[in-house]
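*Asks:* TrEMBL lists 52-524 with the feature domain 'Peptidase S8/S53'. TrEMBL lists Asp61, His134, Ser475 with the feature active site, charge relay system. Positions annotated as domain 'PA' by TrEMBL: 292-387. Summarising the annotation, TrEMBL assigns domain 'Subtilisin-like protease fibronectin type-III' to 591-698.
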Amino acid sequence: MSPAAAAALAAAPGVAAVVPERVRHLATTRSPRFLGLLSSPPSALLADSDFGADLVIAIIDTGISPTHRSFHDRGLGPVPPKWRGVCSSGPGFPPNSCNRKLVGARFFSAGYEATSGRMNETAEVRSPLDTDGHGTHTASIAAGRYVFPASTLGYARGVAAGMAPKARLAAYKVCWVGGCFDSDILAAFDAAVADGVDVVSLSVGGVVVPYYLDAIAIGAFGATEAGIVVSASAGNGGPGGLTVTNVAPWMATVGAGSMDRAFPANVRLGDGQVLDGVSVYGGPALQSGKMYELVYAGASSGAASSASDGYSASMCLDGSLDTAAVRGKIVVCDRGVNSRAAKGDVVHRAGGVGMVLANGVFDGEGLVADCHVLPATAVGAAAGEKLRKYIGSSTRQAPATGTILFEGTHLGVHPAPVVAAFSARGPNPQSPEILKPDLIAPGLNILAAWPSGVGPAGIPSDGRRTEFNILSGTSMACPHVSGLAALLKAAHPTWSPAAIKSALMTTAYIKDNSNGTMVDESTGVVADVFDFGAGHVDPMRAMDPGLVYDITPADYVNFLCNLNYTEQNIRAITRRPADCRGARRAGHAGNLNYPSLSTTFVADGNRATMKTHFIRTMTNVGGGRAVYHATVRAPEGCTVTVQPRQLAFRRDGQKLSFTVRVEAAAPAKKMEPGSSQVRSGAVTWSDGRHAVNTPVVVTVQAPLQ
């Protein structure tokens, strides 16, 4: 509609808000064991939660493949009586597709079709059926049943299982060929609330806008108010800063880390160099012992077709390669523009026998293993530069040669976890008072269920079929937390969504399996709070956190008031008139009872020190009397004081408050205009049995001029 019509509609009685339509995009055998969730004997969290039985997880995604073994219902009890959902049918999805595991399925396309026109039903199906693979994959990560044997093209063999194997699933298909439209996402949220779900898992992201214009934030608020935990992917825009999405404080925003498993596929060059790479290619191998000629379109020798330029050919874009120049050779392709798997398809159709996908400087050393359609591997930026130089220095008489050595699956890799290079980073671009991402979970090279009608490379030309696939992304990290939230809710049915998120955050860890602070995959240097938030999720400790930071819907309204949102802005989120009378008591937006403490100071040169304070309230969930003592690890150049230093709880459920005062010294040297310095520390409350950790983040910002 026109802007004038939208304004008129917004003024109509009963209309809370008119929000611009936006399109969003889609942002395992090892991960349960890596997280300590063993089925035999069952870990405490799995046992105490009965593996998540009778909890319903909503997957808002591309739909689901209902016949997959990960979604069988053998051994499950009746559908929970609270469930009010439906099983929508359509092409490829008959009315009997749901069962006691997959209890509901819906699809939402009105927004998509209103924007893009009627869908092409020869290319996609008007039903909950997953013809993409993403939704099936994320659903099985959250709550897939135990399946053996499971592997992808021979890689990652073992028993596949989701985080909450007995939890029920409800699929809400909102993503289509043209993307995932806000109005469909919001409709799915509202349907999930009405249907009676317990957790919403959303592996979809997009641009960050004010919360009152953000359909995901609006839908998530309604779900949270209904007692539903919302877990959302942080986005795949890393490793750059300010890339995190889904940043509303009432959602758990999940970044991605690695596990202690790798799929090495190294490149051996003719000059003896061996470059580390990764791949899950499972087809016919390159000839053993043979060294193949290497070609790169960005080098002087070139491989570009007559109709293409060197840049397009260096990226291996469609139609860019000269078949005569690449036939029978291994082609080096730069990462970017088109998908990684699509580059392999371009090389394959041009007659190349293999591909090396080389990172650029921005990509750093972050690698993703893909199910390529030809022998292929991915190498980091440093290795890519060596490879390009080697090819560039070759001659016709002494051509560059090499081969790819596929080594299968390696376990027990160190260090792990690392923060995945693609994982989106903070600070929070919408409200820096709220640290985002909240935490990280496994999201690199995750094996999970895959539809039978989709090739593992995810491209039309891939005719291979596999029951499981290995994918990477914060899309894979998010359902890990969704499933864990279901386990926690099953074990602690009275806990609020904020309490469950607090338990996951305050028990997260920042040390890897080499006992060092987690590193950033893209650089190899130590990561920080804007990379991993509170840390990597630790399900066993989250089961018994001792204390939690609880938040009510009224607290979120006070937070919005203290962001200086208008009553109309707030009404768009809450769908009712706003009451900001309690906001003044809260003091400032940073006083939302959040499991992290984040502040930004402006170094204007007029003050020797900069000060602020936070008020927090802890709820005792540790089982009775307990005395907690505070220890402080102050950010560099800062003084942090906690008052009182001791919290003496007399009973379970009791709430006690404390104040944290932060004082930061002004930078000794004048900062560049617009630059910033980030310093981090922590406040930890301990009673000898529990350690409740809260990150403290101080950002010192220089004025723009």
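Please read every residue number as a count from 1 along the shown chain.
Just so it is clear, glycine is given a Cβ too, placed from its N, Cα and C backbone atoms.
Given the structure is predicted, the values throughout are model-derived calculations rather than measurements.
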*Asks:* What Cα-Cα separation, expressed in whole Å, is found between His134 (active site, charge relay system) and Ser475 (active site, charge relay system)?
*Replies:* 8
*Asks:* Measuring Cα to Cα, how far is Ser475 (active site, charge relay system) from Asp61 (active site, charge relay system) in Å?
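*Replies:* The separation of the Cα atoms works out to 10 Å.
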*Asks:* Per DSSP, what is the helix/strand/coil residue tally across the domain 'PA' (292-387)?
*Replies:* 26 helix, 23 strand, 47 coil
*Asks:* List the helix, strand and coil residue totals of the domain 'Subtilisin-like protease fibronectin type-III' (591-698) as derived from DSSP.
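*Replies:* Per-class counts: 1 helix, 66 strand, 41 coil.
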*Asks:* What same-chain residues, at least 6 away in sequence, bring their CB to under 8 Å of the CB of Asp61 (active site, charge relay system)?
*Replies:* Leu26, Asp130, His134, Gly135, Thr138, Ala139, Ala171, Tyr172, Lys173, Val174, Cys175, Ser201, Leu202, Ser203, Val204
